[in-house]
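Q: Following this message is one structure expressed as structure tokens.
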């Protein structure tokens, strides 16, 4: 059966979706819908899960044996992703997908082409995925509801490290030095004195004993209400295996073996998994098999957690021998014949809304070359393309060339790493602002930096009370000078809850304020007059004894020149992010001493 992986388009500005077609269905109005399995890109998953996926790829957290195998794989440079250049590493991330169990129905008219998705091959060089067009790989399974990543069960184990060690062939007359009694257990002797006819007669007796045992058992009489069903259950393999095992343990003495089948307490009843499971459990298993396939671990976790994995697998192979399985197989084959096998998808020729027309861009020069003031491609920095597409937020007015737009739609990323991924070389970087916005009209940015959104931090009544009740624990003056020290809020809440009932009984004491008399202040000012402000010598450094505040001379990133009206830019109004404005104040005790204070923007 052929498996088709296709591109689906759900938005003109977003990358194409990658899906696997399970079946094609025709709706009542005549349209064709595809039932598909979802694949997710790295950009669709949270950064926390991406970090876990990268850890899984590097083999971190493995046991000693797995780490040794990883070292062997890393010795091969073709299989080692670390040896790839940064550009190829960046593009290889665009080829990684994450399988999911999620199914959805999409209109077949949204199909935009075919692609190839394979399980990550451990023996294939990673670069081979980059050499093939529309080729993707996956190794992890993503659950969009639980937000979890799991390793796919279908790992390919190829190589000498997965093979058993084969011993050398024994020469003629050479004895095996191993103790065979410890390596194997004898359960049947083909050279026994019994003939084939006698063994068959004993097996008939064992089936009869099993049928009689089910007639005496109340639970069995409910599950097999007829004699025919009881005899069929008694003829299953578990009854015959037990009979032959009993015959071997009694030394192939049929008299002793029959006596062992019918002990003093009653006849021996042997049941297998097919007989132990109830009808509701069997229905749950068939429902789980329809949803998960032969993924017995997921079947156990989601449908039959009270069953062991061994029991589920054993029941599966017995269930395949039943008439119900044969009937379901015939019904599925008949349904598959009646379903659509293929659908014709015409070429999609509608114009993309993201296409930039000639009116929305500057007129091109000779040979399609845009003027130097024009905006280059955000991915490859080319300034010439037969078609441009708008990309990114509308206020940024970024654009991609036709080749990079096709790459973006298929692989969900740009060909070159962005500033977030790492520095990337590019032409004409001298006309770029620190925010990667091209400078136009004499160096002024076309789009000014947006002012940060203001916020208001409202403190609760309990927090305000805790500041006074637990002042010895909080130490606000100490924390104001050490803003990055962690604070145990749980301990403060617990201590505040214990102290609050007693706090109203003890009013907070007022701190006495010692005010000096007016005469003493006047005498002090007369004895210490304010010295005049000296003008600093031109061309010399200003000493710390000067009373004039020192103006910050740090490098200010000016994104634009002042206009004719002399308006100041954003940075001149608000300063630069990350700088600390120092204010020089006269000390209280010594007039010539200067103290530097930093404005605390945050407090408890």
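Cβ coordinates come from backbone N, Cα and C, glycine included.
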Q: Can you say which of 400-421, 422-443, 444-465, 466-487 is given as region 'Disordered' in TrEMBL?
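A: Here TrEMBL associates region 'Disordered' with the stretch 422-443.
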Q: Within the domain 'ELM2' (154-265), how many residues are helix, strand or coil going by DSSP?
A: 63 helix, 0 strand, 49 coil
Q: Taking DSSP states H, G and I as helix and E and B as strand, how many residues of the domain 'SANT' (272-324) are helix, strand and coil?
A: 38 helix, 0 strand, 15 coil
